Amino acid sequence: MPATERELAEDAQWKIIQKNTFTRWANEHLKTVNKHIGDLDTDLSDGLRLLALVEVLSGNKFAKFNKRPNFRTQKLENVTMTLKYLEVEEGIRIVNIDSSDIVDSKLKLILGLIWTLILHYSISMPMWEDEEGHPDTGNKDKTPKQRLLDWIQSKVPDRPITNFTSDWKDGKVVGALVDALAPGLCPDWEDWNPKDGVKNAKEAMDAAQQWLDVPQLIKPEEMCNPKVDDLSMMTYLSQFPNAKLKPGAPLRPKTNPARVRAYGPGIEPTGNSVGAPARFTVETFSAGRGELEITVLNPKGGKETIEITFNNDRNLTYSCVTYVPKKTGIHTVTVSYGGKPIKNSPFKVEVSVAVDASKVTAKGPGIEPTG
């Protein structure tokens with residue numbers, strides 16, 4: 001078994017997630033200088049990509065280094081110079097990591113080094129807007145983890161958050177966070193099914209990436225994985241404090257089934273008959289985005305066939321909601337929006353025997369031609 005596989009064998013899932021996350025974080029910074037890490041195990045071994053990453057993070061350029069490090073000694077020189085710069089110039093404490101560990105592709109220690117960079121440049125150092133108790137304002141006792149946790153909790157005060165792992169697995173907290181930063185971007189997060197964690201997380205994270213410019217350093221399925229670790233989650237979530245909403249974002253009101261209107265003869269208590277099309281209209285203009293569901297049950301519980309036409313008009317109406325009753329008696333019409341019944345639903349509709357006009361006769365002097 002190769003060395004890399006042996007290192008990943010124990011607790012493989014969280015280590016793989018962490019490796020993926022840290023690689024994406026590094027590449028987000030390296031893309032500004034047209035560089036890329038394909039394999040975190042080996043791509044830092046000559047020191048060139050590590051050096052480039054530190055240049056981007058620190059904003060400083062290295063004047064001299066081995067640009068074509070073909071020999072081990074040259075690789076060691078590049079890595080040693082970079083680590084020394086981090087310690088001396090940036091004040092970052094590098095613990096138990098030697099340049100030979102990076103050159104020899106020791107993944108565990110490489111992950112430790114990348115986390116040290118993330119902790120310093122993405123979590124500890126940046127100033128965050130609307131932050132209470134920032135270290136620079138006098139509160140220096142918070143750990144970086146607690147600082148980030150407190151900031152998130154301040155944005156979603158109604159949703160208790162105590163960790164970066166199990167509290168996030170249903171995808172609802174990241175939805176709440178996205179909607180707190182951009183009200184209307186994920187307005188329905190409270191109604192999400194907690195069993196659909198990956199689906200929920202994907203909706204929120206896709207919106208954050210597209211409209212808040214928050215790259216998916218961790219993937220939805222990784223966030224919801226029970227083996228996800230704090231460090232990977234903190235790496236992703238540390239991007240949110242300085243996220244800015246882009247122009248043109250599709251902000252929308254929270255889905256509110258109470259604002260859906262249904263009207264028309266097809267849901268009136270009386271007036272419908274067997275064999276005659278029963279029609280009604282559903283208006284969703286002020287109810288936010290949601291899925292319209294309509295069912296019609298006959299007196300024996302069987303489903304009637306329904307035809308629905310969306311008009312795509314300013315009131316977002318669904319007209320020609322039509323069903324043709326085949327039995328007499330009470331029919332139950334249920335109208336739901338966003339998974340919840342609208343006002344007055346279900347509607348009880350009495351269906352009577354069809355009227356046959358040919359069997360109706362009229363008599364009397366009032367309709368006689370004369371007299």
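Cβ atoms here come from the backbone N, Cα and C positions, even for glycine.
TrEMBL lists 16-122 (among others) with the feature domain 'Calponin-homology (CH)'. Here the domain 'Calponin-homology (CH)' (16-122) is broken down by DSSP into helix, strand and coil counts: 67 helix, 0 strand, 40 coil.
The feature domain 'Calponin-homology (CH)' is assigned by TrEMBL to 142-245 (among others). Averaged across the domain 'Calponin-homology (CH)' (142-245), pLDDT for the predicted model comes to 95.
Per TrEMBL, the feature repeat 'Filamin' maps to 252-351.
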Secondary structure content of the domain 'Calponin-homology (CH)' (142-245), with strand meaning DSSP E or B: 58 helix, 0 strand, 46 coil
DSSP residue counts for the repeat 'Filamin' (252-351), split into helix, strand and coil: 6 helix, 46 strand, 48 coil
